[in-house]
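Everything below concerns the one structure shown next.
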Amino acid sequence: MNDTCDSALAAEGVSASAQKARAIPLVVYCLSLGVFALTTSELMISGMLPSLQVAFDRSIADIGNLISLYALGMMIGGPLVTILFLALKIENKRGLLLLLVFYAAAQSVAASTSSFQVLLIARVLTGMAAATSFGLMLAITAQLVGPELRGRASS
């Protein structure tokens, strides 16, 4: 916080420890950047439609299906992976790390493949990982801040 804000809070009788409790940890901002990256990657294909159409010799509609398949992976795979993690009692932080490694591997395959079918599968898998990661990032955020900051931190 800045000096003006600190002074105003001190004048109201708010202790330094209470002021610190109101602060959102840096890791929450890192998690929110992760949420942004995972959710925007769903639509990154839209800016690459013409180049992907040429590279794979497919119609724009076929390439557009890559967006739909990512969303399908999120919709169907996200809950299934979440249920699996709950059944295996995988803690949130460990689950998130596993999913991010899996996501990075699937994105690497998607970026380097010359097979359209492999790209389709990679998009479904990245959607599955993204959906569960998104939920875990929000759960971890809620654990990192007090109840009074959960709404602000998760937004």
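Yeah, the Cβs are placed from backbone N, Cα and C, and that goes for glycine too.
TrEMBL annotations: computationally assigned, not manually curated.
For 27-155, the entry in TrEMBL reads domain 'Major facilitator superfamily (MFS) profile'. Confidence over the domain 'Major facilitator superfamily (MFS) profile' (27-155), given as mean pLDDT on the 0 to 100 scale, stands at 94.
Within the chain, the transmembrane segment (26-49) has long-range Cβ neighbours (under 8 A, six or more residues past its boundaries) at 60, 63-64, 66-67, 70-71, 74, 100, 103, 107, 123, 126-127, 130, 133-134, 137-138, 140-141, 144-145, 153. Marked as transmembrane segment by TrEMBL: 26-49 (among others).
For 69-88 (among others), the entry in TrEMBL reads transmembrane segment. Long-range contacts of the transmembrane segment (69-88) within the same chain, counting only residues at least 6 positions beyond its ends with a Cβ under 8 Å from a Cβ of the stretch, are 41-42, 45, 95, 99, 120, 123-132, 134-135.
Below 8 angstroms of C-beta separation, residues 34, 38, 41, 81, 85, 122-123, 125-126, 129-130, 132-133, 136-137, 140 of the same chain, each at least six residues beyond the ends of the transmembrane segment (95-114), sit close to that stretch. Per TrEMBL, transmembrane segment is recorded for 95-114 (among others).
According to TrEMBL, the transmembrane segment annotation covers 120-145 (among others). Panel annotation: around the transmembrane segment (120-145), residues 24-25, 27-28, 31-32, 34-35, 38-39, 41-42, 45, 65-66, 69-82, 85, 92-93, 95-96, 99-100, 102-103, 106-107, 109-110, 113, 153-154 of the same chain, lying at least six beyond its termini, place a Cβ under 8 Å from a Cβ of the stretch.
For the domain 'Major facilitator superfamily (MFS) profile' (27-155), DSSP puts the residue distribution at 113 helix, 0 strand, 16 coil.
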